[in-house]
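Enquirer: Provided herewith is a single structure, encoded as structure tokens, for subsequent inquiry.
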Amino acid sequence: MALQRQFNFFEKVEVKDPEDPSKPPEIFKSIESNVATSGRGHMVVADRSGLVHIIDKGLQGESFLAYDSGRVTHVKQLRQRNILVTVGEDDNTGQVIKLWDLDKPDRNRPGPTLERSIRVNQAGNAFPVSALAVLENLSQIAVGLANGTVVLISGDLMRERTTAQKIVHQNDEPITGLGFREQQRGALLFIATTAKVILYNTATKTSQTLDDDQGGSLGCSVMNESTQELAIARDEAIFFYGPDGRGPAYALDGPKTFISFYKSYLVLVSPPNIPAAASRSFGISSATVSANDTTKLTVIDTANKFTAYQATFTQGIRSVICEWGSIYIVENGGKVYRLDEMDTSLKLDILFKKNMYLLAINLAHNQKYDNASISEIIKKYGDHLYNKGDYDGAMAQYVRTIGRLEPSYVIRKFLDAQRIYNLTSYLQELHSSGLANADHTTLLLNCYTKLKDVKRLDEFIKTDSDLTFDLETAIQVCRQAGYYEHAVYLAEKFDEHDLYLTVQIDDVKQYDRALAYMRRLGPIEADKNLQKYGKVLLTHLPEQTTQLLIDLCSGTLVRGEAVRPVHGATIPVVNHIGQAPPPASSMRGAGGAASPPVILSGAASPNISSHAALSTKNRSSHQLDPAKYAPPSPRTFMSLFVDLPSYLITFLEKVSENRWSPPSPSQSSQPTASSSGTSLKHTAGSPGKPGSIGGKKAGGIVDFNDKASTSGASRSGTMTEQDMEERKAVWNTLLELYLAGPPKAPSTQGNKSSTMQVAEMNRKMKEKNIMREKCLKLLNDTEIPYDTNHALVLCHMAEFNEGIVFLYERMKMYTDILRLWIERDDTNKVIECLRKYGPLEPSLYPLTLSYFSSSPGRLTSATPELLKVLDHIDQQDLLPPLRVVQALSQTSVATIGMIKNYIGRRIEAERKERLEDQKLIQNYRAESEKKRREIEELKTSARLFQATKCSSCGGSLDLPAVHFLCKHSYHQRCLSDAADRECPKCMVDQRTVADIRRMQEANAEKHELFLSELEDADDGFEVIAKYFGNNTMAFARLVDSSS
């Protein structure tokens, strides 16, 4: 490539002698330099007399003799170690390589220590060394000779005594350049001759020709340390060679005599007037160069491909040395010039003045400028293009500044309607970088809508897999512009469930799709959104919405399940406010395919990753597995059914059935109401036993306080307290709905026909009966923990007698049942109630008697029943005669003749009982008097023992003998040690009496036992009499109530 651009990025400064600023440095005037090198903070110059001069930054030199009888032809300063490699002639015996350690002064002679001297093996032929290459680790040195031979010296050259020398190349063409390229295994050796370029692999010992057309002149080849490439300067151009062959070239016409690298710059020396016979630029004696020889020096920036500096030197150039951050040029006359590189900011200013912004950007990159500085340059380039009217080019540059340049700077420039297309591109890139805010999103979408560019709108919204814009703002703008399809797409793709449902319900009015979407979301999102949109959905789709609520609250809502719409039914999508939907082409995405509709299949999940229809594989991966979640409370959604009581009943019934249904059909059967409505299929017990009406708790009247019936244990397992509260609220609400009756139909104009009125009345009556039957079934279910008091109030308000009776019965409020039928003046129900509950509640009998005698007509019709009641009271001894008389005497309706037989029987029975009691009393008194006399006799008189036989063994009684006051006598040998003080025959009875006495003493302190027996007994007086008769009260201690 041609180097057409030329700049002056170096400043030329003449170097003066530090001691005499009016003169050039004395050290360079006194040295007739032959070769030079630099590195590690110093310059090294060798002359023809064999001396090597080391020059520091202060231009002070130190010299030592390297070769006694010959000149120094090559010098090389290593970068990693302070080792100097020299090549020169020694005693005319050939070429000798010497390694000098510059850090170790020689103790015997001036200069550094000579670490190693290696004689180049030329097989008996002495040819001058034309090229030298040294590896930094000193494991290999390559020497090129003028006869076309390359000798490779290998080994640890600093430590090993012997080295291996091998000729790796031999040809008739002189060697003009050598260079090593280091590798992990071995090294590559570039060999340049006058006719070709060769690459030799020191590891595999193979060679290949990189360029067989031409080579390079002496001194015109050098290795680029940064790229590890060989650069060769020819008359027409500079060529670069790598392991793969020739690389790029820089066209620069003219002869060249020297090439070197300084940083990324390539330094060329091309003296046009030097004779062609001169073999080296630095081997030319001052005598052969006239004062009119003009040499040109060129500095090329290989990275940015331009000429950074060019100047001529009239006295010719003796040496070019790069050190201390500058380029030093030594003229043949002894003058020294220093080329100082300009600061990068100055370079950029020059480029800015010439409007070379691309070059400035590349230069900033090469100088490792930060992104902010580079963006500032790119901004200037964009401004330049904008002022020229190249808006597309300017926008391309502004896009490169995204993230560094304030977007408002660019937006203000392109707000004009004629440049809105460029602004759209910028905003789109801003979103792709994730740096856009809500205002940028709004502006971009407005640009799309103003341009009517639905295709690019689809590309922006539908082809971006990652969210690079403010989602809520995008949806809002699409809604305002009437692009509802895009708003729905965005909301569904990025799981903005609220926004999706808002668009579908408020804008598009697609309630069925909204319901299907809720079902796919799963229970958590469905719960939240049904609370928000349930009222609207129930208004338009009551059946589908009710079913979704049932599934949700029953715990059976399946994630991914959806109800498919009726086949063939379509719902139009309104895309623009007040306009018809756009044609199909305008609704297509970037790829030209029609945008798919909202997915209604069961394959979707809450994390929707694509708006495209799911494949069969995706559908099969979302099987309808039962949901695992805690269902929400049905109470949350009851308020949604304010105007839909029938759907509320369905909702609560299905929820309770699904959540608390029996596990087997046998347990699901519920009792039904009897025809009379008095009891709910209860079995009447025997009237002779208290509490026997209805049998035991399992088959008849349920104890309301029994924990088994209200413990909260559901049919499927134990329920928590919260679940019990939920269940209780559901059933209480159902009771209220059942008893509320069917809603009143709105009044219509005109009078209906009698037939229609009858039909309407029959329908309402039928619905009412169905509700009453459901209510009875609910009340009769012992598993349902409804609020009994609440249910009782509801039944009273609805005048539902059957329910009232059942609840009173469950609460053991038998008196209230009787009073209910008395208030209703239903004699049959009163009699039936008395028969059923009278044994359990004796107080019912006085009420019944008072009811029968409350009026003459009622007494006349109920006289047989009254006599039966009196007989039953008499047989069971339920009431004392005085209470019967008091009950009937509250009015003047009943006569004494009606109860004459009852009173006579009671008087005769009491007389007989009194006679029996008197007889028992006389017997008890006689027996007690006999016991007292016997005790007195034992206390005051001597007991005479006349027994002749042992009461134990039956043998003749002999001494020693033991006699007891009970008149039993024993041999002393027949008594055990325990019976020394008690008669063995009387001991059992005595101990029994003692145990009874101790038990009576213990029971005297057990007040709870006494009260329990008193409460459970049919006759409490009998219990008290038993305690007094057993003398238990004698052991009781008085309890001070004040304590």
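Using the three backbone atoms N, Cα and C, a Cβ is placed for every residue, glycine included.
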Enquirer: Ranges 421-441, 526-546, 568-588, 610-630: which does TrEMBL label region 'Disordered'?
Expert: 610-630
Enquirer: Who are the chain neighbours of the coiled coil (907-941) in space, where the CB to CB distance is under 8 Å and they lie at least 6 residues beyond its ends?
Expert: 965
Enquirer: What are the DSSP helix/strand/coil residue counts across the domain 'Cyclic nucleotide-binding' (53-105)?
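Expert: Final tally across the stretch: 0 helix, 32 strand, 21 coil.
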Enquirer: Quick check on the domain 'RING-type' (950-986): DSSP residue counts for helix, strand, coil, in that order please.
Expert: 9 helix, 7 strand, 21 coil
Enquirer: For the repeat 'CHCR' (398-546), jot down how many residues DSSP puts in helix, in strand and in coil.
Expert: 115 helix, 2 strand, 32 coil
